[in-house]
Every structure is written in structure tokens, then in C-alpha cells.
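J.: A single structure is presented below for examination.
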Amino acid sequence: MKIAVLGAGAWGTAFGQVLADAGNDVTMWAIEPEIVEGIRDRHHNAVRLPSVDRLPDNMTATGDRAEAVAGAKIVVVAIAAQFARVALAEFKGLIPDDAVVVSLMKGIERTTGKRMDEAVREALDLPADRFAAVSGPNLSKEIADRQPAATVVACADLDNARMVAAACTTDYFKAFVTTDVIGLEMCGSLKNVVALAVGMARGAGYGENTAAMIETRGLAELTALGEAAGADPKTFRGLAGVGDLIATCGSPLSRNYTFGANLGRGMSVEEATAASNGVAEGVPTTDAVVALGRELGVATPLASAMSRVLSDGISCQEMLALLFDGDVTEE
Ligand SMILES: NC(=O)C1=CN([C@@H]2O[C@H](COP(=O)(O)OP(=O)(O)OC[C@H]3O[C@@H](n4cnc5c(N)ncnc54)[C@H](OP(=O)(O)O)[C@@H]3O)[C@@H](O)[C@H]2O)C=CC1
Ligand SMILES: O=C(CO)COP(=O)(O)O
């Protein structure tokens, strides 16, 4: 099967390798000529995934949008969430009418408060049954090293979810399916905010109890928000929910965790941004989560505290103190 991957970042490239390992012909699309030439001519992405010496032979790249998606049965989108809508507008009318569009992105659009399923479908005028989201504990470098991992594919049409899952199944990567697109989107986006906070606590020198408190209260917050948005609570207990939370909040391979850790060590937001190796989606998503909570009538103490960190520069101690504010409540 021919599959196009739009965006040759760390995860786009690693997932492209998974698809190629599963036997598909993969064409990456990237803006930067250096990345296109590297993947096409040397099977190497020195900019975004230097840890892989040689990408598979059935993986190529182009900077030409029409060429990238021509004949594709699956079009994967792996562009930084805040730029996805604008980037995808250029693909409208080029993507084959029978292709399923798969988002790997984990973020909420800051300007509209919309999830990626909404932004992608609006940008491409795509019906629900042709949109799928992939999310789970999937740190790109580990998967690029072909370490065993699993993920979840969500699509309103379960047959299309199964088709996408089969296309990315290898002897080291397994995909489960669900129809809970909203749940998957909410899990992937909101856990990044939690990872920022856990990273910050770790960077400031706090230990296991503090990390466990933030992760558990963060999971409660993202579950409440997800349920209010229409998600199935079961999704939050699975790979895309608690699974991704464990991976992202426990690894320096996570850009969100690392961004938070740098804040906890005393860097400013500007310094942590400059030090970041790739997009930390939790940063623009934090305010969108606070706004979504307000809209849905759900309290978002952790996201609100992290918003104060990002906009007012409060310290880790002050951020954590905000979580202790208020009355005695049931857990
Ligand atoms: N890395 C990971 O472990 C995982 C990441 N994800 C999610 O996948 C998404 C992509 O992540 P990842 O690949 O790691 O991120 P990177 O930061 O490595 O790459 C971001 C990608 O977005 C592209 N991009 C940014 N701005 C634009 C634009 N205006 N137009 C077109 N393309 C643009 C970049 O292109 P360019 O290189 O040309 O700048 C690059 O391909 C994110 O939402 C992330 O949360 C999900 C699971 C795992
Ligand atoms: O989503 C991820 C792992 O599942 C990757 O997290 P980061 O975007 O923080 O690197």
C-alpha cells in the first residue's frame, strides 16, 4: 500500500519507518529541502531523527505536495499542532477521495480551542469516517530503535481503524482500535500539560511522591475534561490515557517533560524554548485546556497552575502551592 506522511519530524519519521517495516511504500513530505534530500538520497533524517543511521529502502521523500499524496490510501499528518490547519490547507483537493487521513498530533489549537480531529477535518473538508487518530505511549526514539511498543487507532468507522492498525503492525509495534476519537485526542493533548508539570517538579528536585501526586491528579483532570467533551472514560484507563501519561511523565526523551525540567531548574520559558529539541505541544496547549475547562464547566487546577508558570513565570513551589489551594474535597 502507498502511504504518505506529511511532516518529517521525529515522530513522523519514526512512524514512517514503522509503516515501511510493515511492508508499505512510504513517501514523506517535508518543507525543508535538506530533510527531503537526506531521506530520499541517503535514507537519513539528520535534522529530526539522527539516531537512525539508515531508514528503510521503501521509504522516500519529496517536497512536492501533489507527488507526496498521489495514489496514497493513507495520508498521515505529523505536523506541529499549531501549524497543522495552515499546512493542510495546501493539500486540500490533492488528497485522493478514498484516502483515510491519520493524525499523529497531540495538541489543541490555541486560536480556536479545537482538537486535531476538528482542525484536520475542517481544513480538508473530511467526513468523520475518513479521519483517524493514533495515540499511545510512543516516544519516537524508542520506536525508531524498534523497541516493542503499542498504540491505539481511533476512527468513527471501525473498519477504517482496523485498516490503519493493520498498516502499522510489525513484530515490534502493535495497534489496538477504538471508535473513541474524542477520548484519544483529549488523552494525547492533555497529558503533555501534565508532563510539563511533572518535569518541572523533577527539575526542581522533588521526588516520587510529588510526581505521583501530579500524575494522578492530572489524570483525574484530563478524565473529567474528556468526559465532559464526550469521551469514553475507558479510553483514559488504557494505553492512550494512563499508558501515555506514564511514558511521557517518566522520560527525559519527552520534549514536554524536558521543557518542564528546564523550567524547574530555573530557565525562563524563552530559554527552555530555545533549548527544546522539537515541539513541546503542552506549551501552547495549556491555555487552550484552561479555556476548554471554562467552556465545559470543569475545574482545571493543574492546567491553570501551569498557565501561570508559562505566562507569569511563577516558580515550581508557587505552582504546586496553587494545587493545595481551596477546600477539603473528596478525591
Ligand atoms: N516525538 C514523539 O515522541 C511523539 C510526537 N507526537 C506528536 O506528533 C506531532 C509531531 O511531532 P514530532 O514529529 O515529534 O515533532 P518535531 O518537532 O520533531 O517536528 C515537527 C514537525 O512539524 C513540522 N512543521 C512545523 N511547522 C510547520 C509548518 N508551518 N508547515 C509545515 N510543517 C510544519 C516540522 O517541519 P520542519 O521539520 O520542516 O520544521 C516537523 O516536520 C506532535 O503533535 C507531537 O505531539 C506523538 C507521539 C510521539
Ligand atoms: O507523545 C509522546 C510520547 O507518547 C512524546 O512526547 P513529547 O512530545 O513530549 O516528546
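First residue shown is number 1, and so on along the chain.
Every residue gets a Cβ built from N, Cα and C, even glycine.
Heads up, TrEMBL stuff is auto-annotated, nobody curated it.
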J.: Look at the sn-glycerol 3-phosphate binding annotation in TrEMBL, where Lys106, Gly136, Asp244, Ser254, Arg255, Asn256 are given, and name the residue from Lys174, Lys191 listed for that site too.
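T.: Looking at Lys174, Lys191, the one TrEMBL places in the sn-glycerol 3-phosphate site next to Lys106, Gly136, Asp244, Ser254, Arg255, Asn256 is Lys191.
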J.: In TrEMBL, the NAD(+) site includes Gly7, Ala8, Gly9, Ala10, Trp11, Gly12, Arg255. Which of Phe83, Phe173, Phe176 does it also list there?
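T.: Only hit among Phe83, Phe173, Phe176 in TrEMBL's NAD(+) site, alongside Gly7, Ala8, Gly9, Ala10, Trp11, Gly12, Arg255: Phe83.
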J.: Within 10 Å of the Cβ of Gly7 (NAD(+) binding site), how many other Cβ atoms can be counted across all chains shown?
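T.: Counting Cβ neighbours of Gly7 (NAD(+) binding site) within 10 Å gives 26.
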J.: List the other residues in this chain whose Cβ sits within 8 Å of the Cβ centroid of the substrate site residues Lys106, Arg255, Asn256, in sequence order.
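T.: Result: Asn192, Ala195, Thr248, Ser254, Tyr257, Phe259, Val279, Ala280, Glu281, Gly282.
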J.: Max CA to CA distance in Å over the sn-glycerol 3-phosphate-binding set Lys106, Gly136, Lys191, Asp244, Ser254, Arg255, Asn256?
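T.: So the binding residues stretch over 15 Å, Cα to Cα.
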J.: Should Phe83 (NAD(+) binding site) be counted as helix, strand, or coil on the basis of DSSP?
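T.: It is helical.
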J.: Excluding Trp11, Lys106, Ser140, Arg255, Val279, Glu281, please set out which residues of the same chain place their CB within 8 Å of the center of the CB atoms of the NADPH site, keeping sequence order.
T.: Gly9, Ala10, Ala80, Met105, Asn192, Asn256, Gly278, Ala280
J.: Does anything in the same chain, at least 6 positions from Val279 (NADPH binding site), have a Cβ under 8 Å from its Cβ, and if so what?
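T.: Same-chain residues close to Val279 (NADPH binding site) (Cβ under 8 Å, separated by 6 or more) are Gly9, Ala80, Ala81, Arg255.
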J.: To the nearest Å, how far is the Cα of Asp244 (sn-glycerol 3-phosphate binding site) from the Cα of Trp11 (NAD(+) binding site)?
T.: 15
